[in-house]
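Novice: Sharing a structure, written as C-alpha cells. Questions coming.
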Amino acid sequence: MGSLPPVMENQRSFLGNSIEVQGSLRCVGTENHPRKGRPLEKQVSFQHGTEGRAMERQRSLRGFVEKQKSFRVVIERQLSFMNGERKMKKNESPGKRGDSPLHIAARTGNLGKVMESIRGCNGAEELKELLSKQNLEGETPLYTAADNGHSLVVEEMLKHMNLETASIAARNGFDPFHVAAKQGHLETLKRLLETFPNLAMTTDLLCTTALHTAATQGHIDVVNLLLKTDSHLAKIAKNNGKTALHSAARMGHVEVVKSLIGNDASIGFRTDKKGQTALHMAVKGKHEGIVLELVRPDPKVLSVEDNKGNTPLHIATKKGRTKIVRCLVSFDGINLNALNKAGDTALDIAEKIGNAELVLVLKEAGAATAKDLGKPQNPAKHLKQTVSDIRHEVQSQLQQSRQTGARVQRIAKRLKKLHINGLNNAINSATVVAVLIATVAFAAIFTIPGQYEEDRTKGPLVLGEARIANEAPFLVFFIFDSLALFISLAVVVVQTSVVVIEQKAKKKLVFVINKLMWLACLFISIAFVSLSFIVVGKEDMWLAICATVIGGTIMLTTIGAMCYCVVMHRIEECKLKQMRKERSKSRSFSLSHMPSESDILNGELNKRMYAL
C-alpha cells in the first residue's frame, strides 16, 4: 500500500499511544475491580469512535479549504470589476449636466479645488480651454459660480480670463453677469464690474439688459449698482420696446420705480411698440404707490394715449381696477371724458363690462359717456361696426357652407352605398337567372316531344334521333335554344371569374351582362314558341299562334320599356355632368341661379330605381 498522508500518520500514532495507555489502565482496573471484565471492549469502541471523528474532521477541513478557494475567486472578480468601473468613471464627465470637475467646484464654491484646477493647466491655451468649457446647458464654470453667488470663486477665475471668455452666454441667453443680476448676487456683480465694466451693456436674445432683469425681479441694490455704473442703461429697451421701468411698474416694485424715475424722469414718457407708457403698465396692477410715483414728476403722462387711443384711465377701467381708477381721478387736470379710437370714454367701458362700482366712481368724479357728450359718431367706430357686421355675416355663411358640405358628403356616401348595393344585387340576380336559363336550355334538347328509334313501326330512324329532327320549327328551336344556353354559360363564367372593385367598371360589367341576359331570355322565348308549333300539331295551330302573339307582345314590350329607361337614364346622367361642369365654371354666380351640389345629389337619391 502507498504511504498515508501526514494527517493519517499522525492519527495512527495517536491511536497507538492511546491503545498502550488503555492497556495499562485495563490491567490496573482488572486487578482493582474483578467484576468489571469489559474494559477491553470499551477500549475497542473508543478506538473506533476516535478514528471516525478524525475522518470527519479531515473531510470538514477539506470542505473548508475548497470554500476558501471559491470565496477568494469571487472576491478577486469583484475587485477587478470595481477597478474597471473606477477606470470608466474617470474617463466620463461627472454630473448630470455634463459638468467638468471645475464646473462642480465652481458650483459648490470650492475655492481650493478651483485654484488647484487652474494651477494644473499647462500653458495659457489649456487654461483658456478649461475656463471656456461649456456643459450640456452651455454654462461655463464662471457662469455656475455667478449663478450661485460665489464671489471669491468668480474673483479667482476673472484673474485668468479675458472679456470674451467672461461674456460667454449659456443656451438660455444669459451670460455670467446677467444671471448674477437675475439672482441678485450683489458682491458677484461688483467683482465682475471691477474687472470688466463693459459687461453691464450685454443683452440676451430679446435685447434684455441685466438692469432690466434685475428691475423685473425687484433687486433694488443691483439696480442702484448698475445705474451708478452707467445711468444710460435705463433707456435701453427690449425688442418689444419696453424699458426696465415698464417691467418694474408692471411687477409692482415701488423702490425700483423710484430709483429709475429718480435717475431720469423722462423715461416715464417712453412708449413700447403698443404705444403704452410705464403708467399704462402700472394701472394694470394693484399698486397705487407706483401710480403716484409715475405721475408725480409730470402729470401730463396721464393724457398719453396708446396705439388704440386708450389713456391710463381707459386701461384701468377695462381691467376693473377700482382703487387705481379712484387714484387716477383724484389727480387734477385728468381728462375723464377722453375718447379712444373706438369712440368710448372710460364710463362707456365701465358700463360695457358691467362693473357697477366703477360706474359709480366715474360718475361721482364727473365722467360722462360719449352719447352724453353729444359728439357725432366716430367714423372709425362706424367703420369698425360695419366690418364687425360683415365679419359676422361671412362667418354665418361659412358655417352654413360647412353644414351644407357635411350634408352633401353624407348624401354622397349614402348614394354611393345604394349604388353599390344595387349593382351587387343586379350581379347576383343575373348569375342566378343565367344558371336557370342554362339549366332549362340544356334540359330542353333532351325532352323534345316525338317518337324515337325504339318505335320502328313509324319508319327507319337512326339510334337516338328524334322523329321531328327534320322539321323547320325544330331547327329554329335548336338554334335559339343553343344560343340561350351558351350565352347563359358565358355569363356564369364571367361572373365567377371577374372581380371588379371600381364602381364605374362594375356598372359597365352589369350593363354588358344585362344585355346578354336580355338576349338569352329572348332566345329561350323563341325556342319555346317554335317548339309549340310542333307540340300542338297542325289541327291546333291557332294555339301556337296565340302563344307566339302573347309571348312576343310581353317580351317586346318589356325589352322596349327597358331600352327606354336606359336611354332616359343616360340622358339624365349627361345633364348632371353638364350641370356640374357649369357649376364649377360659375362659382361666382348666385346660388339661386344654379342648383347646388346637394340638390343634384338629392335628385339622384330620390330615384327609386333606374335601368342600366
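The backbone N, Cα and C atoms fix where each Cβ goes, and this holds for glycine too.
TrEMBL annotations: computationally assigned, not manually curated.
Feature table excerpt (TrEMBL):
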REGION    29-57  region 'Disordered'
COMPBIAS  32-41  compositional bias 'Basic and acidic residues'
REPEAT    137-160  repeat 'ANK'
REPEAT    172-204  repeat 'ANK'
REPEAT    209-238  repeat 'ANK'
REPEAT    240-272  repeat 'ANK'
REPEAT    308-330  repeat 'ANK'
DOMAIN    422-535  domain 'PGG'
TRANSMEM  426-452  transmembrane segment
TRANSMEM  472-495  transmembrane segment
TRANSMEM  516-536  transmembrane segment
TRANSMEM  542-567  transmembrane segment
Novice: Determine the mean pLDDT over the repeat 'ANK' (308-330), rounding to the nearest whole number.
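Specialist: It averages 94.
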Novice: If you run through the repeat 'ANK' (209-238) with DSSP, how many residues end up as helix, strand and coil?
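Specialist: Counts, helix then strand then coil: 23 helix, 1 strand, 6 coil.
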Novice: What else in the chain is close to the repeat 'ANK' (172-204), if you only count residues 6 or more beyond its ends and a Cβ gap under 8 Å?
Specialist: 137-138, 140, 142-143, 145-151, 154-155, 158, 163, 166, 210-211, 213-214, 217, 219, 221-222, 225-226, 229-230, 233, 236
